[in-house]
Amino acid sequence: YIMHVDDDTELPDDFVLDETVWNDPRVHGVSYGIRMRPTGVVQRLVDWEFRRISQCRLFESMYSTVWFQHGIIGIWRRQAFMETMQEHPFLPFGEDNWNGTINLLKQRAMAQELRSSVTTYAPSAFFPGSSSRDQGYGATCLWKQRAERWCVNAPRRLWLRLYLMLFYRTGSLSRTLVFQATSVLHLMSVIGHLLAPFILLHALVVFVALDDWSEVSRHMLGALASFAVCQWANGLFLSAFLLRDQPCLQADAVTLLLWPLYSTFLQICTLYGHWRCLLFYIPFFPMRHGLYTEGGMDPDALRQLHGIHCVEASNLLGRLFGGWVRLMI
């Protein structure tokens, strides 16, 4: 087996390693619950988001299969991980979801372990300040992390998700139907976000044609109020009812109150990220199959893709020892 874990992730003292999960020969990877250090309002919102995600992934694990292991932490059968990396496209972002997609294409399953959760860090601001860092969970802001990284991958995998919805089999009819249902929801989400600008433009044209801005305002406020109420009701149902026996997982009042605003922010990030994928990410960041696993990463590729300039060994040694000689003199 092999574990991948982020360098800023902390494992709890009672970390669960249940070997019985591997008794199922279809299971080739295990994911864990994820928590954020709640040092501020933004981190508390992200922490609540990941508590919700962990619960959804537990449902998928129980009744279907998890789609991927978050890059934060995951445990794999070593052979499966090596085979997955052999076929990996090695794009700048979304490496964990590509791992899961390749694993599913091999008709393999993944599980979720939620008896213990790891702790990591989240950005402390919604929008960027003076820094330009966009890598890692400690990225400067959520906008860089989500709109420019996490949300630029789903449209690229759309055709693969459609293929998996049609042809992936979990081993039982009920689990396959659950997988297909969640796949339909995912596909609808991706397509919906891509169509959103056209829908909004059409709505704007209709509103302008009405020439009654009081009516327009009433419709807009009604839509926003409906969205907020749905988000509050969903959060209260999950926190107060489904998690009623687990106070440590429940959300505080401020987090629930701000959740509709945070959800709106995530929707905007997703819309922007999906279109960034189509207009920028796909055209200018091609797949890199085999570059790192089949000897294709030569000095020219290193310079072009990563800005790394290689120096011949003889020249490098000459520079190093020449520097030492000059220093000694």
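Backbone N, Cα and C define each Cβ position, glycine as well.
Automated prediction, rather than curation, is the source of TrEMBL annotations.
Source: prediction; values computed, not measured.
The list of residues near the transmembrane segment (184-209) in space but at least 6 beyond its ends in sequence, with Cβ under 8 angstroms from a Cβ of it, reads 154-155, 158, 161-162, 165, 216, 219, 267, 270-271, 274-275, 278. The transmembrane segment annotation in TrEMBL covers 184-209 (among others).
Non-local neighbours of the transmembrane segment (221-242) in the same chain are 48, 52, 55, 250-251, 256-257, 259-260, 263-264; each lies 6+ residues outside the stretch with a CB under 8 Å from one of its CB atoms. The annotation transmembrane segment is assigned in TrEMBL to 221-242 (among others).
Outside the transmembrane segment (262-282), and at least 6 residues removed from its termini, the chain residues within Cβ reach (under 8 Å) are 45, 49, 126, 142-143, 146-156, 189-190, 193-194, 196-197, 227, 231. Per TrEMBL, the feature transmembrane segment maps to 262-282 (among others).
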